[in-house]
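A.B. asks: Dropping a structure here in structure tokens format, bear with me for questions.
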């Protein structure tokens, strides 16, 4: 019991700490707060707008689907190629596929269809009756039955339209409308759908099948766009929590793509509306408009999406630029001052951006493909459709470990994870390349614009990600992983925070200066050190030292410096300065005592010692004397009268062969 309670307390404490960290990072500066708040507002508004668009498309699909289902047409694939509407038994350009041309738009004479003007006058408002059926509730379905052929003359007197059954069915229901006290004659639910379907010929039904498939694709686009907005919000949240440049850049790039696509969707909707009204309604359906004013409502709901995307892109670009300038300088200063490390780190950041974008677009395009061939007649008509479905399911499943392996292997320089990542990348690229040889894939790629755009984007990003991963692999073992690990460890211990906390008046960003936050001098005010007068007093009295002269009878005097000790005796010199001084000095090897004894014995045997002592003045001032002559000269200077070497406490300076002739 105690263990369960302790685990619950620990989980609650952990949750509270995470919430506290989240709140601290969000409210760190005004820029981070504005970035988070505006991202939340953008996500909510655009998500609701996509929900409204999804509802609009669902209403259109319900209206068209009711007419098509009542007709019970044979399963076939409707294709629109170069203005010609045709039905195919399978995927176009596939072996064994038979296609029949139904209608070529722009070259049809409406009088040839044999539809007289009276039938068009009788049924001009089928779309209005179908809209009433789709929006009718159970309470509105009450009415009184009339005998066959009877009608109230007041309907015609009021100028209202009456929908009649061209096939002779007479079961009609009458109800009061909410706007006025006039009456509307409509059929029962199933009867009206059957009558509308029967009043439309096969050409119109075929054209409506193509419209239904197009609006179904738009509905799938609404779902993908809705998930895309949630993904952008997650990127913004991770950007603030981890102060991540890749997430920041990926989020901004995603908003740019979303804005461009929303603008394209409204233009494509307008073009589809024009084609539907001028070609399908006028030529294929003889003026029967099933959707009515649905297109105008759809466009009105799409305009705020474009406006909000444009505003969000402009505002987030400014906020992202400020955050990027701070994060970039702090990241590079944290990694190190080496230009080589900077170049490698920039490649890693670019790889991370491509990895995140590629992961989303690959997953989204794969999900769109699976939904397309699973909920359509294509699944029954295409050859090897199950094989294609299995390939894309494998791609969808491998996307998650692929993203994790790519994110970890580059930063930790793990070779095993890198090769696993490259193997999965090769599978992705191979499947995407091979699918372009499939007639089914090519047909969907051409007929569905969003799927084609996302597939190309995912393919390019996958190739770019694999190429950048290879470049990062070539940089393994060059120090980047060590710097990243050390900086992450120090940051985790609050030793070297990435951004300084805003406490009191120290938040310089709130004063409108983002650049001042980057200067270490801003946060390190000058420190004054007060040294007491007796700080440099010595415990022991210093002895007065004079000039020390070491000489022999026939030798030259050697003067040693008697300068008093300075800082060198108070504290050891820094090791860095010692290394610098050592590199700049001229090193002359100092001989060992064994070498001195050997050389002295040889000189004594050859009786060259007096000659060497006499020749010593000529070598004074030479800084490039050989090690042998220098050591022999020192040996002669400190030798006794009998020629044996004398060991003294202060040896000659091994770093300089120059012996001054005057005291220091």
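We count from 1, first residue shown onward.
For all residues, glycine too, the Cβ spot is worked out from N, Cα and C.
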A.B. asks: Could you tell me which of the ranges 185-210, 263-288, 419-444, 497-522 is annotated in TrEMBL as transmembrane segment?
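C.D. replies: Range annotated as transmembrane segment by TrEMBL: 419-444.
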A.B. asks: Quick test of your reading of TrEMBL: among 141-163, 302-324, 532-554, where does it put transmembrane segment?
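C.D. replies: That would be 302-324, per the transmembrane segment entry in TrEMBL.
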A.B. asks: Report, as numbers and ranges, which residues of the same chain sit near the transmembrane segment (302-324): CB under 8 Å and 6 or more residues beyond its ends.
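C.D. replies: For the transmembrane segment (302-324), the nonlocal Cβ contacts are 31-32, 34-35, 38-39, 42, 45-46, 49-50, 53, 239, 245, 248-249, 251-252, 255-256, 258-259, 262-263, 265-266, 269, 514.
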A.B. asks: Taking the transmembrane segment (345-367) as the reference, which of 34-54, 223-241, 450-472 gives the largest number of Cβ pairs under 8 angstroms?
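C.D. replies: Stretch with maximum Cβ contacts: 450-472.
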A.B. asks: Counting only residues 6+ away from its ends, which parts of the chain sit with a Cβ under 8 Å from the transmembrane segment (450-472)?
C.D. replies: 217, 221, 224, 257, 261, 344, 347-348, 350-351, 354-355, 357-358, 361-362, 364-365, 368-369, 372, 406, 409-410, 418, 421-422, 425-426, 428-429, 432, 444
